[in-house]
Amino acid sequence: MTRRKLVAGNWKMNGSHAALSELDAIAEAAAAHTSIDVAVAVPATLIAPAATRVPALSIGAEDVHAADHGAHTGCVSAAMVKEAGARFSIVGHSERRADQGERDADVKAKAEALHRHGLNAIVCVGETLDEREAGRAEAVVTAQIAGSLPDGAAAEWCAIAYEPVWAIGTGRTPTAADVAAMQGAIRAKLRAMIGEEADRLRILYGGSVTPDNARELLHVADVDGALVGGASLTAAKFVPIIAAAN
Ligand SMILES: O=C(CO)COP(=O)(O)O
């Protein structure tokens, strides 16, 4: 089964109108590397200007509320980010699971809301350092998959991102063997849940992906792309990662 690789950026709470100029070269690289998909998730305030500036590039949100509208001060819905120009959203990022107390059921509902509105979802999972050191990494991550995978998950609109919490923003990455083992465990869990569709779903790796390690990480078995934080903020770092996926 060959799956098209997806290289997605996640700007987190970074960026500004001035920083959108970085997207020009990223969009150019995306257009040049036709055999892979490229996407960038930006803060809600930047979705519309980003989507207007680089209409060919897939711009997304970093989170959405599970409800379509209502009394949820400070939140944005899938319909709202879609209207702003988003084509997808990240859901269940570990920073939201930690900072906003999001649980698996919330993440699942958010992904289903995205699908209802015709948007794609990148569903994040990953263990903490304590969980890994206790030998519980696979159990934790497969339980997150069980709870967070949206109903009807299909490769056309849903991807998984495995992001070990201890690798995010730390410069530390798991070994290629550890990544392969976890991607395989996630694939096996998906097979148990959705059968053959599991072989079509993309499973990204995220956590301290850089131009230096991208080629190795992106070619580990069952790694179908990368979710990139810090190194997605500048074209100088993100474009080489796009090239490494090709
Ligand atoms: O959390 C991440 C992407 O969602 C990874 O962040 P870094 O690439 O900065 O480690």
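Just so it is clear, glycine is given a Cβ too, placed from its N, Cα and C backbone atoms.
A coil conformation is recorded for HIS93 (active site, electrophile) in the three-state DSSP classification, outside any helix or strand. There are 28 other Cβ atoms within 10 Å of the Cβ belonging to HIS93 (active site, electrophile). The active site, electrophile annotation in TrEMBL covers HIS93.
Annotated active site, proton acceptor per TrEMBL: GLU163, in sequence order. The number of other Cβ atoms within 10 Å of the Cβ belonging to GLU163 (active site, proton acceptor), over all protein chains shown, comes to 27.
The Cβ of GLY229 (substrate binding site) has 21 neighbouring Cβ atoms from other residues within 10 Å, across all protein chains displayed. As annotated by TrEMBL, substrate binding site applies to ASN10, TRP11, LYS12, GLY169, SER208, GLY229, GLY230.
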Can you tell me how far the Cα of ASN10 (substrate binding site) sits from the Cα of HIS93 (active site, electrophile), in Å?
10
Among the binding-site residues ASN10, SER208, which residue has the largest number of other Cβ atoms within 10 Å of its own Cβ?
ASN10
Chain-mates of ASN10, TRP11, LYS12, GLY169, SER208, GLY229, GLY230 with C-beta within 8 Å of site centroid, substrate:
ASN14, ILE168, VAL228, ALA231, SER232, LEU233
Among TRP11, LYS12, SER208, the binding-site residues in the record, which have a C-beta under 6 A from ligand 1?
SER208
